[in-house]
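A short write-up of the structure that comes next.
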Amino acid sequence: MPKVIGLTGGIATGKSTVSELLTAFGFKVVDADIAARKAVAKGTKGLEQVRAAFGDSAITEEGEMDRKYVGEIVFNHPEKRLELNDIVHPIVREIMEEEKQSYLNQGYDVIMDIPLLFENELQNTVDEVWLVYTSESIQIERLMERNQLSLEDAKARVYSQISIDKKSRMADHVIDNLGDKLELKQNLEQLLTDKGFINKER
């Protein structure tokens, strides 16, 4: 019986790397971020709803959502963030559910890659939750380097989510990413072996 695993983490914990590794191990990944982009892609009903809620300035000359413009609005106006979520989330759920069912019907184990899994209380939609863990100090350091952010901005982004330590206590399994990529791969392989997804002797 194929399994549905919820994969989550925090900003800059290395979840995308784990997602890529799991694909290499034969899992099918359904990515919430990709689904969110599809939900408001050019020519979609979702994009028209964004235009109605945020005005013509929310759409670029190319007919796509102006992410920077909308991002600044929702960052500064919590009620607008809720409005955007009300537009995007139902469409995202529909897209992800369709992809998940398609893979399950083909007999694949499915990874639901959902950054805000706990924040949106989606743990009951999967068989178990795997969390990619690193320390908050490493999160902040990686974020500053990756996104060219100041210390204050990096901290603000990290602290806008449930803390990674609290999430680790809520998850079924924690994938340690305190070291380098090779150590991360070894930690993931160990989990997959323990869970019976792969046979190391093979």
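The backbone N, Cα and C atoms fix where each Cβ goes, and this holds for glycine too.
Swiss-Prot lists ALA12, THR13, GLY14, LYS15, SER16, THR17 with the feature ATP binding site. Look at Swiss-Prot and you will find 4-202 tagged as domain 'DPCK', backed by sequence analysis.
Mean predicted confidence for the domain 'DPCK' (4-202): the pLDDT average there is 94.
Most Cβ neighbours within 10 Å among the binding-site residues THR13, SER16, THR17: this distinction goes to THR13. Same-chain residues that are not part of ALA12, THR13, GLY14, LYS15, SER16, THR17 yet have a Cβ within 8 Å of the Cβ center of the ATP site turn out to be GLY9, VAL18, VAL132, THR134, ASN177. Listed in sequence order, the residues of the same chain lying 6 or more apart from GLY14 (ATP binding site) and placing their CB within less than 8 Å of its CB are VAL132, THR134, ASN177, LEU184.
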